[in-house]
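Participant: The structure follows.
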Amino acid sequence: MIRNQVEMFAYAKINLALAITGRRPDGYHELESVMQSIGIYDRIRVTLAEGGIQCSCGEWSGPENLAYRAAEAFLSGLGSSQGIHIDIEKNIPVQAGLGGGSADAAAALQALNKLFKEPYTEEELKSFAAQLGADVAFCLKGGTQWATGVGEELKGLPHAPKINLVLIKPDQGVNTAEAYRAFDQEGKFSHLDYAGWQEALASGRAESLIPLLYNDLEPASMKLLPEIAWVKEELMKQNGCLGALMSGSGSAVFGIVQTEEQAEKIAAIWRERNYHVWVTHTMERGNIYG
């Protein structure tokens, strides 16, 4: 029997640290980031079908979806007109800084490569990923990675210990391009401490990471959406929360929490405040087959 469908779990990411190191002549920002897979995922089903590419993802359906564009690039490279249906069950919030669209695109590439019996090498898939968006390369790899360039150049780091996380997202999101524009007005370029991150991660203790949490986009996004600053400040007051940071360009804020029980208690407080809340943890790897 010929396999005609592959299912993937596409995992979200957080940025444990993000420094903007410069701006290229083409306008893209260069960065250094410690990127980390977490246990929130979208479920992706990719099916060989008739009638071109179709992408079903609620209000995010159609050609603008990054998974659709991933399928377009994949088929174009093969010179194939095979019909593809992509169904995405969305759990990762959008405009949150959690890389949901990038995770879906990476999962689509991986599923298609399996369906077509691996016509592309890992390096060739990375090349597609770089064309699609800065976070897609990380989502292909997953785990704990040091990202440079515009986010597409990856270097492995020691796996993060299993860290209990609470994620809180305001109703309003932050547009990534707007966050970078706001940074350009007032932000200053900086660098992360690679050796410090290696040492902290190798220690296996969540507490070791707290002094290194950092995000150059945080002040810019907080200016666009001041509620982010309030969420972070309130989260830091909760019993068991060791540290908190906005992920990516926001608007989601994550808290590193000592125990899962404490994380659930913190989540209950924020649910009573009518916030979008998730209790999750770090993952040693990224997307997996269903």
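Every residue, even glycine, has its Cβ placed from backbone N, Cα and C.
Annotation source Swiss-Prot lists active site at K13, D135, citing sequence analysis. Sequence annotations record features per position, and here Swiss-Prot assigns ATP binding site to P93, V94, Q95, A96, G97, L98, G99, G100, G101, S102, A103.
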Participant: From the centroid of the CB atoms of P93, V94, Q95, A96, G97, L98, G99, G100, G101, S102, A103, the recorded ATP site, which same-chain residues not already listed sit within 8 A by their CB, in sequence order?
Facilitator: A12, I92, G248
Participant: Using Cα coordinates, what distance in whole Å links A103 (ATP binding site) and D135 (active site)?
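Facilitator: About 8 Å separate the Cα atoms of these two residues.
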Participant: Of G97, G99, which of the binding-site residues has the most Cβ neighbours inside 10 Å?
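Facilitator: Of the binding-site residues G97, G99, the highest Cβ count within 10 Å belongs to G97.
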Participant: Compare the Cα of D135 (active site) against each of the recorded positions K13, P93, Q95, G99 and report the nearest.
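Facilitator: Closest recorded candidate to D135 (active site) by Cα: G99.
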Participant: Sequence gap of 6 or more, C-beta under 8 Å: which same-chain residues meet both conditions with respect to P93 (ATP binding site)?
Facilitator: G100, K169, G173, A252, H276
Participant: Looking only at DSSP and grouping its letters into three states, which state does D135 (active site) belong to?
Facilitator: coil
Participant: Using a 10 Å radius around its CB, how many other CB atoms surround Q95 (ATP binding site)?
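Facilitator: Looking across every protein chain shown, the total is 19.
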Participant: Counting every protein chain present, what is the number of Cβ atoms, excluding its own, within 10 Å of the Cβ of D135 (active site)?
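Facilitator: Its Cβ shell of radius 10 Å holds 29 other Cβ atoms.
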Participant: Give the three-state DSSP assignment (helix, strand or coil) for G101 (ATP binding site).
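Facilitator: Once the DSSP labels are grouped into three classes, G101 (ATP binding site) ends up as helix.
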Participant: I want to check the contact list for G101 (ATP binding site): same chain, sequence separation of six or more, C-beta distance under 8 angstroms. What comes out?
Facilitator: W60, N65, L66, A67, V94, G133
Participant: Measuring CB to CB from K13 (active site), give everything in the same chain under 8 Å that is also at least six residues away in sequence.
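Facilitator: Looking at Cβ-Cβ distances below 8 Å from K13 (active site), excluding near sequence neighbours, one finds M35, Q36, S37, I38, L98, G99, S102, A103, D135, F138, C139, S247, G286.
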Participant: Among all protein chains shown, how many Cβ atoms are found within 10 Å of the Cβ of A103 (ATP binding site), not counting that one?
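Facilitator: Other Cβ atoms within 10 Å of A103 (ATP binding site): 32.
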